[in-house]
Amino acid sequence: MSLLTEVETPIRNEWGCRCNDSSDPLVVAASIIGIVHLILWIIDRLFFKCIYRIFKHGLKRGPSTEGVPESMREEYREEQQNAVDADEGHFVSIELE
């Protein structure tokens, strides 16, 4: 009998399920997969901001500076800072009277 066709019936004033074949390996595997899926879904919903922030910033790291002389590293930092400073000119300053 399939789990999809099981019927819940009142047994001794409690609701129960007549599952005679619950020791079937397929049923056990499906139950374990279902429980693991539920746990992972709950963790994802609770910590989705942290999880996706790690993925987002982890993949957007700058180029590796291993083996690059310090002078070139400083030049690169200055170029990056100048690019950021140039972008600040695009914002409009609004003053309220």
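Including glycine, each Cβ sits where the backbone N, Cα and C put it.
What Swiss-Prot annotates here:
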- 71-80: compositional bias 'Basic and acidic residues' (COMPBIAS)
- Asn20: N-linked glycosylation site (CARBOHYD)
- Cys50: S-palmitoyl cysteine (LIPID)
- Ser64: phosphoserine (MOD_RES)
- Ser93: phosphoserine (MOD_RES)
- 60-88: region 'Disordered' (REGION)
- Trp41: site 'Seems to be involved in pH gating' (SITE)
- 1-22: topological domain 'Virion surface' (TOPO_DOM)
- 23-43: transmembrane segment (TRANSMEM)
Students should find that the Cα atoms of Cys50 (S-palmitoyl cysteine) and Trp41 (site 'Seems to be involved in pH gating') sit apart, in Å rounded to an integer, by 14
If you count the other CB atoms within 10 A of the CB of Cys50 (S-palmitoyl cysteine), including all protein chains displayed, you should get 8
Averaging the pLDDT values of the topological domain 'Virion surface' (1-22) gives 56
DSSP assigns the residues of the compositional bias 'Basic and acidic residues' (71-80) as 10 helix, 0 strand, 0 coil
